[in-house]
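Annotation comment: Swiss-Prot describes 12, 26, 29, 35 as [4Fe-4S] cluster 1 binding site, evidence class sequence analysis. Annotation comment: Swiss-Prot describes 66, 67, 68, 69, 70, 71, 72, 73 as ATP binding site, evidence class sequence analysis. Positions annotated as [4Fe-4S] cluster 2 binding site by Swiss-Prot, on the basis of sequence analysis: 240, 243. Sequence annotations record features per position, and here Swiss-Prot assigns region 'Disordered' to 1-25.
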């Protein structure tokens, strides 16, 4: 919706709707009084810029996780490579994990710089049909901590959306921070203002402590009207690098992601194994599909990419 203020609550009905300032989602919003009297805040002048940038992006996918350390960024990078295995498709990654950007290291472009032109920021190329934008490219020292309050983080996310010159893109994967923070609310609002959002992939691990937060992530998507494409269970089992025997790594005391998806009427798109070779490839910025093309995990990522494409078309 183009009439949702930047600082509005999640689930804002829009300043021009009949429920403006009166709906349950308006409680506590700084714009509630103005909206209720028909004097809502002025329209965001950056919305048309975001709409223009995203008009050339066919599919936009959020990668979410309720908890850190479940492999969300790992999934993002390898799903992007799997989608980009089709040379006719243009794929891009937007890393909006402002305080913990890891995509540049994983994709082997940690020392690259972003170039600015009259058309905006040019994302860093990984291969001819795969590009990346991350705040890590804008920080002088990669070991410097990003200590920003919410408003500045949101401003950076907005700048990514309106100033990056992606060009024509078939699939944009957006790697988000863990949880459901202020950045997620602002990001979703900006994206919905730019047009339809294809949906979210939610990443979990099998144990209940992770699934507890996944259920909150599902609730967030429902409240913000973000479609859920499905759930990916990462580290579902361990694959021995010597004999390829698989072993359950984490307890599934409540049935794991499979049972949670069944209870929540969600689709479990993949149960990805844990392979030590992947960690080595990511640390070295290597393409896992080139170093381990016949591995169980590489095939699982390719299968996941096909399922995602089927859901989008």
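FYI, residue positions are counted from 1 along the chain as it appears here.
Backbone N, Cα and C atoms are what each Cβ position is placed from, and that goes for glycine too.
Source: prediction; values computed, not measured.
Locations of recorded Swiss-Prot features on the structure.
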residue	record	Cβ contacts under 8 Å, 6 or more apart
26	[4Fe-4S] cluster 1 binding site	9, 12, 13, 19, 20, 32, 35, 36
66	ATP binding site	178, 179, 180, 202, 204, 210, 212, 213, 214, 215, 216, 217
69	ATP binding site	178
70	ATP binding site	178, 203, 204, 205, 210, 234, 235
71	ATP binding site	65, 203, 205, 234, 235, 272
72	ATP binding site	63, 64, 65, 175, 176, 178, 203
73	ATP binding site	63, 95, 97, 102, 103, 106, 175
Note = Residues lining the [4Fe-4S] cluster 1 site besides 12, 26, 29, 35 (CB within 8 A of their CB center) are 5, 8, 9, 13, 15, 20, 21, 23, 25, 31, 32
Inquiry  = Using the CB centroid of 66, 67, 68, 69, 70, 71, 72, 73 as the ATP site centre, which other residues of the same chain sit with their CB within 8 A?
reply    = 65, 178, 203, 205, 210, 234
Note = Rounded to a whole number of Å, the separation of the Cα atoms of residue 68 (ATP binding site) and residue 29 ([4Fe-4S] cluster 1 binding site) comes to 29
Ask   = Rounded to an integer, what is the Cα-Cα distance in Å between residue 29 ([4Fe-4S] cluster 1 binding site) and residue 240 ([4Fe-4S] cluster 2 binding site)?
value = 52
Nearest-integer angstrom distance between the alpha carbons (Cα) of residue 243 ([4Fe-4S] cluster 2 binding site) and residue 67 (ATP binding site) = 32
Inquiry  = On a simple 10 Å Cβ count over all chains shown, which one of the binding-site residues 12, 29 is most densely packed?
reply    = 12
Query = Secondary structure at residue 240 ([4Fe-4S] cluster 2 binding site) (DSSP, helix/strand/coil)?
reply = coil
Ask   = Far apart in sequence but close in space: which same-chain residues, 6 or more away, have a Cβ under 8 Å from residue 67 (ATP binding site)?
value = 178, 179, 209, 210, 213
Inquiry  = If you count other CB atoms within 10 A of each CB, which of 35, 240, 243 wins among these binding-site residues?
reply    = 35
Query = Where does residue 26 ([4Fe-4S] cluster 1 binding site) sit in DSSP terms: helix, strand, or coil?
reply = helix
